[in-house]
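Take a look at the structure set out below.
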Amino acid sequence: MTVSLIDFRSDTVTRPTPAMLDAMFQARVGDDVYEEDPTVRALEEATAARFGLEAGLFCPSGTMTNQIAIKAHTEPLSEVICEQTSHIYLWEVGGIAFHSGASVALLPGNRGRVTAAQVEAAIRPVNVHYPTTSLISLENTHNRGGGSCYSLEEIASIAEVARRYQIPLHLDGARIFNALVATGQSALEYGRYFDTISVCLSKGLGAPVGSVLLGSRAFIQKCKRIRKVMGGGMRQAGFLAAAGLYALENNVERLADDHRRARQLAEALEAQAYVAEVLLVETNLVIFRLQDTMPAETFLARLQEQGILASSFGPQMIRFVTHLDIDDSMLEKTLTALHALAQ
Ligand SMILES: *Cc1c(COP(=O)(O)O)cnc(C)c1O
């Protein structure tokens, strides 16, 4: 008998469902580098409309949408303000230096979130010694911060600082739909506060590939050239865009189920003597620290024996991510395995 894996390593591991595959097979396509793919255009327009921004750009990954936005907003000798564990700094291979030749001003966040006062204090005075502050970038939900969410008040006050200093504001919204579902915030508010937003379709929304960068029409036109030089101009990409459209239409509200299962996991973990601390769970990420008596490798290996996968997330730190391919019976099996580990 083959045991199916219960894979909590990331929400990127989901496979397209038969209904999503069907939508992909039905897609009308053309050459998108010639701007002739109707399905890519539909995805870009539908995503932009949700956030009240003018235009969108379909790209292979969230790393590419973020790095294109940073490249288009900045120039060499300038600086990006971001949180010190943000994805754009920590997990995009140093791309800010590589693609943009820009510096970073790193802020220590509260579970990844920074304040307007911290941002304002990091803006450089204009003189010959300093890089010029060219971009402020936020991440919501914050990955390293355990899926934490900003309130709209926090975002509004950071946006006020950005406007006052005339510095563009970018959002790494790889998991923005998790934030919207968890908080009940409106996507249109985000379009009012941010100049550009990067949205991932391949995380909780369950599409196999793809991210969309949103912004003004003129900005996205500039970004199209940068996507091309990065090798991200795709041809009959409508087959992939169709999965994204299907995901936007069918897989947003259900994120609430992932959030409920993440809270159930966190409650079970908090009850275990071998767990030292569980970060507050707001969305679909569960990050916790093991007691020293339970080495992380032992914990992961014993779960793996039962077909359950999670990731190591720093010394004695573990991350579980709930997603479309984790159902209640898999969750029950995992809760039983977590209790059994105490024996
Ligand atoms: C996953 C992720 C991205 C983009 O990742 P890709 O694997 O390049 O699509 C960007 N930002 C955050 C916060 C992420 O979690």
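The backbone N, Cα and C atoms fix where each Cβ goes, and this holds for glycine too.
What TrEMBL lists as domain 'Aromatic amino acid beta-eliminating lyase/threonine aldolase' is 7-291.
Annotation comment: TrEMBL describes Lys203 as N6-(pyridoxal phosphate)lysine. For Lys203 (N6-(pyridoxal phosphate)lysine), the number of other Cβ atoms no farther than 10 Å from its own Cβ, over all displayed protein chains, is 27.
Residues or ranges marked as coiled coil by TrEMBL: 245-272. Along the coiled coil (245-272), the predicted structure has mean pLDDT 98.
Among residues of the same chain six or more beyond the coiled coil (245-272), those with a C-beta under 8 A of the stretch's C-beta atoms are 11, 19-20, 23-24, 39, 42-43, 46-47, 50, 147, 177-178, 180-182, 201, 204-207, 278, 281-286, 288, 320, 322-324, 326, 328, 331, 334-335, 338-339, 341-342.
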